[in-house]
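Okay, structure first, notes after.
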Amino acid sequence: MLAWPAPLLPTLPGSAPVLALHDTARGEVVPTAPDTTARMYVCGITPYDATHLGHAATYLAFDLVNRVWRDAGHAVHYVQNVTDIDDPLLERAERDGEDWVVLGMRETALFREDMTALRVLPPDDYVGAVESVPRIVAHVETLLDEGLAYLLDDGTGDVYHDIAQAPGFGSESGYDEATMLRFSAERGGDPDRPGKRNRLDPMLWRGRRPGEPSWPGPRGIAGRPGWHIECATIALETIGMGFDVQGGGSDLVFPHHEFSAVHAEALTATVTGEKLPFARAYVHAAMIGLDGEKMSKSRGNLVFVSKLRGEGVDPMAIRLALLAGHYRTDRAWTPDLLAGAGQRLATWRRAVARDAGAPAAEVLQGVRGRLADDLDSPGAIALVDAWAERTLAATADEQEEGAPAVVRDAVDALLGVALQER
Ligand code: 5CA
Ligand code: ZN
């Protein structure tokens, strides 16, 4: 699929520290150790509605990962999927009497516009589930051949992964069975379905149902793919096993990231005999809420990026408002947050418009240090605030010629906030 245009990325003087991130599997902040090319997979949208501020916050968190790695001299192979076939997409299309393909394409196009406006670096591979179906089918076929997957005995054509045979199962989320059962029921699983070997077994292939789109499938069974095998397949096809960061919102910790990892690890073990982990770190962004509830399409308590843009809100203010909280802290969206970000943006713009300002080297290294420490964007923002205050208040003898330009580039490259007047 087409991604979106990349913003220009200024090169900064000096050198950057190693990025450390919180890994859900290990439950602690760990240094990343990418090769020359860092590899990252971030779960993309299910395009049945417009991008809300929760989605935006999650993609901004991983955009910081991308930017910090690049500043440290790595190339980054960034992959994102589009879940362009799934139950909620079909349900919304049915409700609105619309073609599901048209709905998915329209919302994906809007997402691209939102990401462009927010200056999110685009993925190198932007891959839809639908275009991946033949490769997904081959993977399901392999798991069936190996006896690791089974066909349900009820004539539906549904295929499940037998997780009793998956040694790594549970190591990503670390949840106990009761928690897994609860999240499975809430997030697209079917723990109460009769005939499964284990209540938690995830669906790999859903046999064709009347009125639903379908593709030729494993063992000649027409249908459509399960959710987790889509992301496992897309990651395997693009960046392979053992990549640096698997990312998404915290609502993907279980079942989605657990089962993507289990599917991919089972496939790799059967093909190469190697017991490689899917990802080196599983990184999760906290939830953005509105009026005390998680912002979600199913709840309908949404603030859309495109709506704010349409009202004339500067996308850089949206970006700053979301980055003003730490990515691992659940937080609420409020009008005050946006107003505060707008004021901050205006102050920063006034400061970088000067020819001279408070010394830049310290703030540059400070921002690098804060972001490298598990993406402490509030800490980084506070340093720029302090610099702007000193620049705007300072007496002439404290001023360093050219400092504002360095800070402008640092804020652009590292925080992704463009400060030149538009
Ligand atoms: N297509 C799947 C992933 S393969 C999916 O979860 N799509 S989504 O459209 O529901 O969400 C897209 C991304 O936004 C996911 O990473 C999800 O975890 C994240 N997300 C959803 N709601 C919120 C929220 N309220 N706050 C923060 N992130 C959120
Ligand atoms: Zn995913």
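In case you wondered, yes, glycine gets a Cβ from its N, Cα and C as well.
The model shown is predicted, which means the values in this text are computed figures rather than measured ones.
Annotated in TrEMBL:
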{"type": "BINDING", "residues": "CYS43, GLY44, ILE45, THR46, THR58, ASN81, VAL82, THR83, TRP227, GLY249, SER250, ASP251, ILE288", "note": "L-cysteinyl-5'-AMP binding site"}
{"type": "COMPBIAS", "residues": "185-200", "note": "compositional bias 'Basic and acidic residues'"}
{"type": "DOMAIN", "residues": "36-338", "note": "domain 'tRNA synthetases class I catalytic'"}
{"type": "REGION", "residues": "185-221", "note": "region 'Disordered'"}
{"type": "MOTIF", "residues": "45-55", "note": "motif ''HIGH' region'"}
{"type": "MOTIF", "residues": "186-191", "note": "motif ''ERGGDP' region'"}
{"type": "MOTIF", "residues": "294-298", "note": "motif ''KMSKS' region'"}
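Annotated features taken from TrEMBL, shown on the structure.
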{"residue": "CYS43", "record": "L-cysteinyl-5'-AMP binding site", "contacts (Cβ under 8 Å, 6+ apart)": "GLN80, ASN81, CYS231, GLY247, GLY248, GLY249, LEU252, HIS256, HIS257"}
{"residue": "ILE45", "record": "L-cysteinyl-5'-AMP binding site", "contacts (Cβ under 8 Å, 6+ apart)": "THR51, HIS55, VAL82, THR83, GLU107, THR108, PHE111"}
{"residue": "THR58", "record": "L-cysteinyl-5'-AMP binding site", "contacts (Cβ under 8 Å, 6+ apart)": "VAL42, GLY247, GLY248, GLY249, ALA285"}
{"residue": "TRP227", "record": "L-cysteinyl-5'-AMP binding site", "contacts (Cβ under 8 Å, 6+ apart)": "THR83, ASP86, GLY188, MET203, HIS256"}
{"residue": "SER250", "record": "L-cysteinyl-5'-AMP binding site", "contacts (Cβ under 8 Å, 6+ apart)": "HIS284, ALA285, ALA286, MET287, ASP330"}
{"residue": "ILE288", "record": "L-cysteinyl-5'-AMP binding site", "contacts (Cβ under 8 Å, 6+ apart)": "HIS52, LEU53, GLY54, ALA57, LYS294, MET295, LEU322, ASP330, ARG331, ALA332, TRP333"}
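In this structure, the binding-site residues that sit close to ligand 2, with a C-beta under 6 angstroms from any of its atoms, are CYS43, chosen from CYS43, ILE45, SER250. By the rule that a residue counts when its Cβ sits under 6 Å from some atom of ligand 1, the binding-site residues CYS43, ILE45, VAL82, SER250 yield CYS43, ILE45. In the structure as shown, the Cβ atom of VAL82 (L-cysteinyl-5'-AMP binding site) sits within 10 Å of 25 other Cβ atoms. DSSP assigns TRP227 (L-cysteinyl-5'-AMP binding site) to a helix in the three-state reduction. Secondary structure of the motif ''HIGH' region' (45-55) per DSSP, as helix, strand and coil residue counts: 3 helix, 1 strand, 7 coil.
Averaged over the domain 'tRNA synthetases class I catalytic' (36-338), the predicted model reaches a pLDDT of 96. Residues CYS43, GLY44, ILE45, THR46, THR58, ASN81, VAL82, THR83, TRP227, GLY249, SER250, ASP251, ILE288, recorded as binding L-cysteinyl-5'-AMP, reach a greatest CA to CA spacing of 23 Å.
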